[in-house]
Amino acid sequence: MSRSARPLRARIHLDAIRHNYRRAQSLAPHSRALAVVKADAYGHGAVAVARALTGEADGFAVACVEEALELRESGIRGPMLLLEGVFSPDEIALVDRAGLAMVVHCREQLDWVLAARPSRRLDCWIKLDTGMHRLGFCPSEFAEVNARLAACPHVGERVAMTHFARADEPDHPYTSVQIDAFERALNGARIGRSLANSAAVLAWPQTHGDWTRPGIMLYGVSPFAGTGSNANLEAGELRPAMTLESALIAIRDLKAGEPIGYGGRFVCERPTRIGVAAIGYADGYPRQARDGTPIAVGGRPTRLIGRVSMDLITLDLTGLETARPGDPVELWGRTVPAAAVAEASDTIAYQLFTAIGRRVSRRYEEA
Ligand SMILES: *Cc1c(COP(=O)(O)O)cnc(C)c1O
């Protein structure tokens, strides 16, 4: 798709990703940080992101073995954790060969590890369910699971981990409940600890432990709700890592009372100049985006008007009289925070990034 003349691209700012990783490290200076690059590095391109962090990141975390092998085959070395572990016992041979670490979150995985005959020791991260109620052993099972893995000659490093349900709500007590449950389960055990996602790196220093697991913050988005302004990013000293950009391909002047697009959702209240840009929901721009969703033309802020189509969107050019076909349109990036687009679309930036379609070519840039 890179030869496409359609003016749509995702510009990935590799320097921003490095900056954000360093920011995560400096917030948790006594911890090592696994850069979370699952889901193709949240749509930014896992191989390019991992390469940009080579020599910088203490390790990487991915969801599954396919994602890890893509990185290994591209020459990415160092610690690499499978956040969901393996889905069948045969996968342990791949884990062994690729030198991966794996989460062990259930009895089946525990049995597979214990029964394996790997060529080297397997690093196992014991996942505890301290309140997310999704994956993990009950806190009461920790001592037994840990003891069995510790006694197994082909198990190497062990780390105890958990995941927070509400760390993005800094005033909510639930994270403290989870921290307490985790520490009670470990009961002073001498084992590495890993609790913190981005929100906890930023807001819960007591969770930093031995390994943090920053994801969304690497991509320059604050995990906290209501952070759709770049002021909040500056407070977190994060830099947007993606600029999703297209161009105006048509401009028209509509009369008062004329509707725009499917369903006529937006009706002009006065004579209105509108622009049409080459991006739509098939490219990952959210169809749920409301009238008023922020957008920028030639670096100047304006708003989406009319329903998002498969390949096109319409936007308000009021006050942007000099706009011309071909002018760049920023869907999100340094002028338009991805979190603001997400808020106006009832979703989160994580989903926007991971929904970017195959028609969008990526362009990697250094500062
Ligand atoms: C995705 C994921 C993370 C990263 O979360 P962010 O909110 O993106 O920082 C950390 N830990 C686990 C277990 C995850 O699945």
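Numbering starts at 1 and runs along the chain as displayed.
Glycine is treated like the rest: Cβ placed from N, Cα and C.
What you see is a predicted model, and the numbers here were worked out from it, not measured in a lab.
Over in TrEMBL, the protein carries these features:
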- Lys38: active site, proton acceptor (ACT_SITE)
- Tyr262: active site, proton acceptor (ACT_SITE)
- Arg134, Met310: substrate binding site (BINDING)
- 241-365: domain 'Alanine racemase C-terminal' (DOMAIN)
- Lys38: N6-(pyridoxal phosphate)lysine (MOD_RES)
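Of all the recorded positions listed (Lys38, Arg134), Lys38 sits in the most crowded Cβ setting, with the most other Cβ atoms within 10 Å. Of all the recorded positions in the list Arg134, Tyr262, Met310, the shortest Cα-Cα distance to Lys38 (active site, proton acceptor) is found for Arg134.
In three-state terms derived from DSSP, Lys38 (active site, proton acceptor) belongs to a helical segment. Counted with DSSP, the domain 'Alanine racemase C-terminal' (241-365) comes out as 18 helix, 46 strand, 61 coil.
Long-range Cβ neighbours of Tyr262 (active site, proton acceptor) (same chain, at least 6 residues apart, Cβ-Cβ under 8 Å): Gly306, Arg307, Ser309. A coil conformation is recorded for Arg134 (substrate binding site) in the three-state DSSP classification, outside any helix or strand.
In this model, the domain 'Alanine racemase C-terminal' (241-365) carries an average pLDDT of 97. The Cβ of Met310 (substrate binding site) lies under 8 Å from the Cβ of Gly280, Tyr281, Ala282, each on the same chain and at least six residues away in sequence.
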